Amino acid sequence: MSAGPGITVTGASGRMGQMLIRTVAASGRAHLVGAVERPGHEWIGKDVGEAMGGAPMGVTVTDDALEAFAPAQAVIDFTAPAATIAFAKLAAQARAVHVIGTTGFSDDELEALVPAARHSVQVRAGNMSLGVNLLTMLTEKVAKALDEDFDIEIVEAHHNQKVDAPSGTALMLGEAAATGRGVALGRVADRGRDGITGPRERGHIGFAAIRGGDVVGEHDVIFAAAGERIVLRHIATDRAVFARGALKAALWGQGRAPGAYDMLDVLGLGDG
Ligand SMILES: NC(=O)C1=CN([C@@H]2O[C@H](COP(=O)(O)OP(=O)(O)OC[C@H]3O[C@@H](n4cnc5c(N)ncnc54)[C@H](OP(=O)(O)O)[C@@H]3O)[C@@H](O)[C@H]2O)C=CC1
Ligand SMILES: O=C(O)C1=N[C@H](C(=O)O)C[C@H](O)C1
């Protein structure tokens with residue numbers, strides 16, 4: 001007998017796709033029922049376990065997402081914004097919990113996710129680790145406690161294949177800092193300085209991104225004032241932390257009312 005809900009993983013060959021497949025298969029709390037890749041990908045038609053270089057898993061990689069979502073109670077999706085928008089509609093049709101780890105959405109792309117959440121449970125977070133979600137809470141608290149004499153800067157580092165900046169995590173932390181300050185992030189964010197920028201604007205929240213090598217994900221929230229500096233830091237050394245969070249979200253979403261949720265809801269750290 002297969003344990004727990006059936007899960008389909010999109011972007012199966014990706015860094016997170018492979019980690020998710022291994023995490024689901026090893027969990028004993030859910031089982032893999034589908035693996036999706038884009039049309040033309042060399043893994044299509046292959047057993048996903050063998051494609052990853054291991055033992056067969058009895059799941060064939062497909063480019064037909066609707067077919068792969070039909071038997072699933074949850075879809076775990078760490079791909080790209082355009083793909084995730086298409087998958088959201090299909091997950092809603094299949095009434096499957098849609099766990100979205102994808103980052104790099106524009107405001108319009110985020111808006112495009114909204115209709116699907118009326119019909120299915122959607123859990124989205126730019127970072128699914130317990131540590132980062134706790135850090136967002138700490139960031140909000142510290143930002144609330146300090147005034148604008150403390151400049152807030154968010155510095156993130158990632159591997160050299162990452163395509164979006166600032167990272168989803170940096171934006172989550174920025175939102176938390178802005179909430180603590182009682183301002184809208186969009187009004188105070190300084191994203192990427194270059195050239196003669198002039199002095200730093202009081203009350204703004206700055207972002208800086210480093211890309212190199214195989215860095216999994218590192219985030220500092222710096223509160224810098226005259227004569228002192230507070231630094232809140234999270235370092236991820238293993239993508240398993242994100243995959244474990246995503247699986248937790250997929251299990252948590254079973255039987256919930258349709259709607260848009262985040263990892264604070266899943267971890268029981270949210271307001272509601
Ligand atoms: N929320 C979180 O905790 C975390 C979020 N992320 C985010 O997850 C996303 C993926 O990261 P990562 O795994 O490193 O990236 P990868 O590039 O390694 O993987 C992305 C995968 O998605 C596939 N893909 C893209 N478009 C489609 C499509 N239309 N249909 C099917 N598959 C598709 C890619 O295929 P192809 O190679 O052919 O393009 C690739 O296999 C990023 O947005 C990243 O920021 C990452 C880690 C943690
Ligand atoms: O692309 C990555 O690798 C990661 N992306 C997420 C982000 O954009 O914050 C989470 C994590 O930092 C790894």
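Note: Cβ is positioned from N, Cα and C throughout, glycine not excepted.
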Residue in Glu37, Glu42, Glu148, Glu153 which TrEMBL records at the NAD(+) site where Gly11, Ala12, Ser13, Gly14, Arg15, Met16, Gly101, Thr102, Thr103, Ala125, Gly126, Asn127, Met128 also bind: Glu37
Recorded positions (Arg15, Arg38, His158, His159, Lys162), the one with most neighbouring Cβ atoms at 10 Å: His158
Residue with minimal Cβ packing [other Cβ atoms within 10 Å] among the binding-site residues Ser13, Asn127: Ser13
In sequence order, the recorded positions (Arg38, Lys162, Gly168, Thr169) whose C-alpha falls within 10 A of Thr102 (NAD(+) binding site): Gly168
